[in-house]
Amino acid sequence: MTAHAALFDLDGVIVDTAVHHFAAWRETAAELGFTLADRDEELLKGVGRMDALRIVLEIGGVEVDDATAERLAAEKNARYVEAIASITPADMLPGARDCLEALRAQGVRTALGSASRNAPMILDGLGIRDLFDAVIDGSVVTEAKPHPRVFLAGAEALGVAPADCVVFEDAIAGVRAAKAGGMLAVGIGDPAVLTEADAVIPGLHAVDALASHGITFAGAPAPATEEISA
Ligand code: G6P
Ligand code: MG
């Protein structure tokens with residue numbers, strides 16, 4: 001397929017913030033008296049803040065009332081925000097900026113589709129907000145991935161049909177969201193984990209490898225001009 005729009009997840013695709021999310025949740029678990037295993041990180045990727053908390057509590061077999069849940073989520077977020085406060089363009093994942101710039105130079109439209117309510121702050125820290133035609137984040141859309149809303153809203157904002165969109169995602173929930181929205185899903189990471197993706201590459205630095213999977217990009221064709229008949 002030839003895509004006219006590229007939709008990007010943020011955490012784990014453009015910037016390596018996943019490590020900070022997980023470190024902050026590990027502190028939550030420690031406070032509640034249990035430990036998160038390395039493999040638990042995958043379950044928390046792409047999942048909205050409160051859903052992630054629910055997963056953490058389930059792992060620990062801990063039940064809390066709503067007020068405590070709100071407090072735990074706020075405390076986790078405060079730790080996370082502190083960790084990413086000093087983010088700079090040097091924290092972008094290899095190839096991310098080049099990939100965005102190359103696609104835009106071809107006329108391909110770009111959108112961010114992230115569950116994170118911290119996305120605008122991160123985009124500003126990285127200085128890349130102007131590389132996106134649309135930014136859809138966790139404060140715009142409430143339905144969490146694997147619900148396709150975040151990507152459907154992105155496609156709509158770009159004026160491109162879902163079938164003409166490629167989504168870049170590092171999370172199982174995000175790949176599912178893309179597929180549920182009728183889009184092509186490119187996994188970023190391990191093919192053994194992202195089994196439902198249409199193709200998997202190790203990072204945006206390897207985006208050219210997609211051509212061998214039949215995935216290419218081109219600017220949206222100009223609207224057809226009506227022929228004037230004599
Ligand atoms: C991203 C991350 C998730 C995180 C979610 C919400 O999708 O991959 O791990 O839980 O955003 O982030 P927030 O910054 O709003 O807590
Ligand atoms: Mg992600």
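The backbone N, Cα and C atoms fix where each Cβ goes, and this holds for glycine too.
Record features, source TrEMBL:
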type: ACT_SITE; residues: Asp9; note: active site, nucleophile
type: ACT_SITE; residues: Asp11; note: active site, proton donor/acceptor
type: BINDING; residues: Asp9, Asp11, Glu169, Asp170; note: Mg(2+) binding site
type: BINDING; residues: 9-11, Trp25, 44-49, Lys76, 114-118, Lys145; note: substrate binding site
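The least crowded of the recorded positions Asp9, Trp25, Gly46, Asp170, judged by other CB atoms within 10 A of its own CB, is Trp25.
Within the set of recorded positions Asp9, Asp11, Glu169, Asp170, the entry lying nearest in space to Arg49 (substrate binding site) is Asp11 (CA atoms). Proximity to Ala115 (substrate binding site), defined by a C-alpha to C-alpha distance within 10 angstroms, is shown by the following recorded positions from Asp9, Glu169, Asp170: Asp9.
For the pair Glu169 (Mg(2+) binding site) and the residue listed as 'active site, proton donor/acceptor', the Cα-Cα distance reads 9 Å. The Mg(2+) site is defined by Asp9, Asp11, Glu169, Asp170, and by the 8 Å test on Cβ atoms against their centroid, the other residues of the chain that qualify are Phe8, Leu10, Gly12, Val13, Lys45, Gly46, Ser114, Phe168, Ala171, Gly174, Ile188. Annotation for Asp11 (active site, proton donor/acceptor): spatial neighbours Thr17, Ala18, His21, Lys45, Gly46, Ser114, Ser116, Asp170, criterion Cβ-Cβ under 8 Å with sequence separation of six or more. Between the CA atoms of Asn118 (substrate binding site) and the residue listed as 'active site, nucleophile' there is a gap of 13 Å, rounded to the nearest whole number. Between the listed binding-site residues, namely Arg49, Ala115, Asn118, the fewest other CB atoms within 10 angstroms of a CB are found at Arg49. The two recorded residues the residue listed as 'active site, nucleophile' and Trp25 (substrate binding site) have their Cα atoms spaced 20 Å from each other. Cβ contacts within 10 Å of Glu169 (Mg(2+) binding site), excluding its own Cβ and spanning all protein chains shown: 30. For ligand 1, the recorded positions lying close by, meaning a CB under 6 A from one of its atoms, are Gly46, Asn118; the full candidate list was Asp9, Trp25, Gly46, Asn118, Glu169, Asp170. Under 6 Å, Cβ to nearest atom of ligand 2: this is the test, and of the recorded positions Asp9, Trp25, Arg49, Ala115, Asn118 it is passed by Asp9. For the recorded site, Arg49 (substrate binding site), the DSSP three-state label reads helix.
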